[in-house]
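Engineer: Submitted below is the structure of interest, expressed as structure tokens.
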Amino acid sequence: MPEYSSTFSAESYFSTQPPPPSLEHDIAGVKEFVRRQKERGRNVVLVTSGGTTVPLELNVVRFLDNFSAGTRGATSAEYFLKAGYAVIFMHRQFSLQPFSRHYSHSTNPFLDFLEIELDIEGPSASVVSDEASAASQICVTPNKREALLEVLTAYKAVHAAGTLHTLTFVTVNDYLWLLRAVSQELSVLRRKAMYYLAAAVSDFFLPRQKMSEHKIQSGKGSLHIEMDQVPKILKPMVDDWTGKDGFVVSFKLETDPSLLVPKAQTSLQRYGHQVVIGNDLNRRKFEVVFISWKYALPPSSTSDGTNTTESNSPFAESWLRIDPHDHSKEIEEKIVAELVKKHEVWVAGAETL
Ligand code: PAZ
């Protein structure tokens, strides 16, 4: 491997940091999935979801994590499936997944709505014995049946259609290697591929060459760790890995609301993709902002997109909102509906959205 340097371009990252051991196997599965969807003429969306970790040791005991439960990704994946897309769901191991997210162990544990119904021919219901459990059946609590049936029907239909392919990552290194390889596989679909990057990706990491092999010992007082910047991969993703044809949607998470729109605009300008969805940490479940291009393809002029007045700004800004108190609605339904419309225009080959 080439020598390690402390600033990483995407290229130097991949030539100095090792791929995850499962990469080849994972990509063989993706290749086959994409081939089948291409044969059927389906649009395919890659949804990334959940947070990446940064291990501090090679034999990892401690790691830094990025905030994300995986709600945005798992919920959006369901709406994309409903809209007829095939979905590659690339998520952080053990974060929420489409369909099973409705029965998360912490918010809606499934054991709580299952009931044991004892066989009337069997032993008395008041006696819990091995014999009784052998003669009993498991039933769903009546008032939970309708919702479960709806989720289960959609889940079984997706399985039967073979339109959902799941991949997992844990570390930021797993994520970067997978993202590159999956994007390259998906690029054969040209404009029919969408990339929906909702995962919360670490900005800093410890290169393998700097990591301690064993658990960092605590006897020496405070701990000082200098981390390197994770390379900005959106540019190579847009220009190279997806062959410039993919419809790329990235997310921008901020906690200072005044930064949301300018940071999303800067990101769109810098990477030249199609849409940035901005969300504020505390309002993300009921409000997001779409930043896209107002006129045509990203301007390739010398303008850096700053110092523009509202009327000559190249950016379109549109807010999507739902009622924060109405828990029967999910903002991802609106996000996905809006993206499907924009993607249709993109697939048709138009230069404008
Ligand atoms: O997974 P979740 O629903 O808890 O959170 C979703 C999110 C806020 C991580 C996502 O919408 C997002 O903004 N992802 C990009 C984060 C970033 O700027 O790195």
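Even glycines carry a Cβ here, placed using N, Cα and C.
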Engineer: Tell me which range among 1-21, 22-42, 211-231 TrEMBL lists as region 'Disordered'.
Structural biologist: 1-21
Engineer: Do you know the mean pLDDT across the domain 'DNA/pantothenate metabolism flavoprotein C-terminal' (171-284)?
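Structural biologist: Overall, the domain 'DNA/pantothenate metabolism flavoprotein C-terminal' (171-284) comes to a mean pLDDT of 96.
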Engineer: With helix taken as DSSP H, G or I, strand as E or B and everything else coil, how many residues of the domain 'DNA/pantothenate metabolism flavoprotein C-terminal' (171-284) land in each class?
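Structural biologist: Its residues fall into 47 helix, 26 strand, 41 coil.
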